[in-house]
Amino acid sequence: MGSGPYRKKKRTHLPEDPNAKKADVRSFVFWRGKFGVVLKALEADLRKLLAPNTAKNLKESRRNQLKDFVHIAGPLGITQFVILTATEHSSYLRLAKTPRGPTCTLRIHGYALMRDVAAALTRPSQLEGVYGAPPLVVLNNFGAGGEALTLAGTLFQGLFPSINVQSTQLRSCKRVVLLSYNAETRRISFRHYSISTAPSGITKGAKALVAGRALPNLANMQDVSELLTKSGYGSESEGEEAAESRVTLNQNLGRGNIAERQSRVKLQEIGPRLELEVVKAEEGLCSGRVLFHAHVQKDAEAAEQQQAAVEETEATQEERERMRAARRRQQEENVRKKTALKRKVSEAPPTGKGSTKAKEQAAKKRQKQWWESNDVNLAQEPDDDTAYYREAVGAEPDDDFIASRGAIGRDLDMQPD
């Protein structure tokens, strides 16, 4: 028999481990602007790419402003924004560091969704469980494009958590993001691949056995040993890039991939695919001093004017913050005083028997005095109106005006019960 009618939950009420390391990188992916909704499909693919360190089910609308996302970013530990915007002529992707910037704006020259990439493949891979861990990120040729490109590379790296090569488990490395910069076209190629491994140097039959697939057909074989000794090693692509694709593992990965033995690493593109160009870099969060602009060049005087305007805006914001803090302190002081007064009244000793009756009599007395004071004011109202008429018009009021004001005075001449 059980110990009681209630069952103790052991899975949903586990105590939190204080030593457990939380994700230090979290992001929001959302669209903004009048035409940003056309990038809704790309937004969903980018959220899937950045999983699991992004808000997958974030809901946004046209009424939301940027400050709404900033206000909730702090409590949720959001470190970066990926903002998709569009105009009538082009689409843009913004990478912003919260809460104070910087921001890098990249123009999207072209993109392909995950479904488009999968449709172009002859045999797309089965992506089961690959989105449970964040992808690796690889930057190529980002040191030859200036400070703006360096900033873009830093912001892209900030979207993914850093890894420790010595302690990272190879089982968690299932995806990789490659960003390659072309100095001639000044564009960044954004690619997303899945990583798969297969044991190298064994026959297809043995590989099928260790991979846990269905048993092969042995009808045309004289002995079961033919399954392992029959010629036919790997696939056609294994022999083409043997030196580049074969690596020696230092950890067991399962399915025939054993440590200290060679395995073949295969990459298959899963999308999305983007062609980007850095067009603007700002010091703040989608605002502030412009650090770089691909199409606008300012002279020293214009740069000084812009810096002065930015400093003036920052000074105004600081003054507002000081005033807001002063008002907050004053409100807290008032609340403290009211709380102390309320506590003092509640802790006062009772006045003895009949105190409730005395309070009721005092309340009735105050009510009666209020009625009497209002009766006096209402009785004097017609005279006040007549004097006001003389002062405003400069003549004596006619009989109709006096009669109407007298009727009002009679209607208001009431006494309390």
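Even glycines carry a Cβ here, placed using N, Cα and C.
Residues annotated as domain 'Brix' in TrEMBL: 25-287. Residues annotated as region 'Disordered' in TrEMBL: 302-417. Annotation comment: TrEMBL describes 317-336, 408-417 as compositional bias 'Basic and acidic residues'.
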**Prompt:** Same-chain Cβ contacts of the compositional bias 'Basic and acidic residues' (317-336) under 8 Å, 6 or more residues past its ends?
**Reply:** none
**DSSP residue counts for the compositional bias 'Basic and acidic residues' (317-336), split into helix, strand and coil** = 20 helix, 0 strand, 0 coil
**Request:** Can you check how the pLDDT averages out over the domain 'Brix' (25-287)?
**Result:** 85
